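Here is what Swiss-Prot records for this protein:
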ACT_SITE  His366  active site, proton acceptor
BINDING   8-11, Lys22, Gln73, 78-79, Gly142, Glu157, Asn230, Arg336, Lys354, Tyr369, Asn380  UDP-N-acetyl-alpha-D-glucosamine binding site
BINDING   Asp102, Asn230  Mg(2+) binding site
BINDING   Ala383, Asn389, Tyr390, Ser408, Ala426  acetyl-CoA binding site
REGION    1-232  region 'Pyrophosphorylase'
REGION    233-253  region 'Linker'
REGION    254-461  region 'N-acetyltransferase'
Amino acid sequence: MNLQIIILAAGQGKRMYSDTPKVLHHLAGKPLLTHVVETAQQLNPNAIHVIYGHGGEQIKSSLPNLPVHWVHQAEQLGTGHAVLQAMPHIPDDAYVLVLSADVPLIQVETLQSLIECSQRQNPDHSVLALLVAELENPSGLGRIIRNNQGEIYSIVEEKDANEQVKNIKEIYSGVCCTLANNLKKWLPQLSNSNAQGEYYLTEIISLAVQNKTPITSLTAKNSFEVQGINNRQQLQQLERIWQQRAANQLMEKGATLADANRFDLRGELYCGKDVYIDINCIFTGKVVLGNGCKIGPNCSLTNVTLGDGCEVYANSVLEGCHIANDCHIGPFARLRSGTQLASHCKIGNFVETKKAIFDEGTKASHLSYLGDVLLGKNVNVGAGTITCNYDGVNKHQTIIEDGVFIGSDTQLIAPVTVGANATIGAGSTIRRNVPPDELTLTESRQKTIYGWKRPVKRERD
């Protein structure tokens with residue numbers, strides 16, 4: 001089967017009150033359009049055509065790697081006119097599935113069923129299949145009109161509906177599937193004689209009836225699948241639905257969430273057994289949590305892998321890190337891109353790392369900056385230690401070998417190497433390589449000035 005998918009993404013989105021095109025607004029960390037394209041990809045189509053118009057160049061430049069064929073709708077003359085723009089690129093014998101970029105939560109299983117409906121009833125594949133839904137509040141949506149036999153013969157848009165039609169609960173989702181040849185016959189016949197002065201795609205239903213093309217419908221199992229986004233309130237509502245579904249899926253697979261309503265996933269999260277996630281945690285990109293991991297409250301993890309038995313304490317921020325088994329991080333720690341921890345490492349409160357590679361058992365427990373540094377096994381980094389890695393132009397590396405003990409308030413001026421089992425005295429500024437197994441310090445004599453008095457403030461006249 002040749003399957004061609006058309007995604008309508010040309011709308012202006014006036015009710016968003018934004019300079020950003022509506023389809024670029026994010027839900028669960030991704031643009032709305034990306035959600036729909038990723039769902040479409042799971043159907044293995046021959047092509048995905050995205051119809052763009054308002055803010056089109058911004059859309060294309062923001063999503064340059066989408067595997068789609070971009071089709072420009074120069075004038076936004078309605079949904080029917082938008083679909084018509086793609087038809088020259090689609091062979092007559094292909095099936096065409098029409099989706100909307102602002103309906104992001106539609107499920108691939110639903111679309112597969114709709115495609116099957118479009119093939120089921122007639123051997124010449126001329127059926128028009130519509131995705132419909134029953135909504136308690138159908139306001140703003142096109143209503144399905146059926147005859148006495150229950151057959152669909154029309155769809156009436158909200159702005160063209162009388163009070164009787166507005167009372168109908170069954171709505172058209174904007175999603176349909178039929179043979180391309182049907183659309184090529186019907187679309188040029190559309191009229192813009194309606195309240196909006198637009199060429200509605202929904203008018204193809206009346207044309208299908210006139211041509212005696214069978215119309216079938218599939219009712220969406222979940223109302224959220226057909227919910228569109230026209231304003232920021234609706235965006236927030238679907239965000240919470242998406243997050244709740246993601247939370248439920250994680251809990252079904254064995255993770256514990258302290259509060260599913262205070263959990264945010266903005267990418268992919270893979271959890272081992274007996275993972276615990278406290279409140280207000282944000283997971284972005286691809287995050288992997290090994291067996292028995294615990295994530296404290298108010299943490300942010302972006303593109304992070306944690307091994308088994310790791311614990312991240314409250315208010316810690318991790319980005320682009322790979323953490324091995326049984327490590328402890330935080331509270332209030334910041335691990336930046338390029339940080340790698342071997343097993344049994346500890347990063348304590350108010351420690352920042354960047355491009356820092358820790359071997360087994362190494363600890364930095366308090367108040368340190370460790371950037372562009374290689375640390376061996378069982379190193380102890382004292383409070384207030386800083387690797388001074390930037391000379392104003394270039395970054396330089398610090399190497400700290402196995403078993404080193406670094407006293408508090410030490411500055412390591414890179415490039416510099418500290419030999420194995422060396423000890424650095426507290427308050428030292430290390431500018432040259434340190435030999436192994438020795439104590440190195442930069443001594444400044446302590447001096448007492450006897451009889452010195454503090455200045456006394458004088459009262460002003």
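Each Cβ is built from the backbone N, Cα and C atoms, and glycine gets one as well.
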Give me the DSSP three-state residue breakdown of the region 'Linker' (233-253), ordered helix, strand, coil.
20 helix, 0 strand, 1 coil
May I ask for the distance between His366 (active site, proton acceptor) and Ala383 (acetyl-CoA binding site), taken between their Cα atoms and rounded to an integer number of Å?
5
Counting other Cβ atoms within 10 Å of each Cβ, which of the binding-site residues Gly78, Gly142 scores lowest?
Gly78
Indicate whether Lys354 (UDP-N-acetyl-alpha-D-glucosamine binding site) is helix, strand or coil by DSSP.
strand
Please tell me which one of the binding-site residues listed here (Lys22, Asp102, Asn230) sits closest to Ala383 (acetyl-CoA binding site), measuring Cα to Cα?
Lys22
Check the Cα-Cα distances from Gly78 (UDP-N-acetyl-alpha-D-glucosamine binding site) to the binding-site residues Asp102, Asn389, Tyr390, Ala426 and tell me which is shortest.
Asp102
Checking the spread of the acetyl-CoA site as listed (Ala383, Asn389, Tyr390, Ser408, Ala426): what is the longest Cα-Cα distance, in whole Å?
22
Please work out the mean pLDDT for the residues of the region 'N-acetyltransferase' (254-461).
97
Under 8 Å by Cβ from Ala10 (UDP-N-acetyl-alpha-D-glucosamine binding site), same chain, sequence gap 6 or more:
Ile51, Tyr52, Gly53, His54, Gly56, Gln73, Gln76, Ala82
If you count Cβ atoms within 10 Å of each one, which of the binding-site residues Leu8, Ala426 comes out on top?
Leu8
Within 10 Å of its Cβ, which one of these binding-site residues (Asn230, Asn389, Ser408) has the largest number of other Cβ atoms?
Asn389
Under DSSP, is Lys22 (UDP-N-acetyl-alpha-D-glucosamine binding site) part of a helix or a strand, or is it coil?
helix
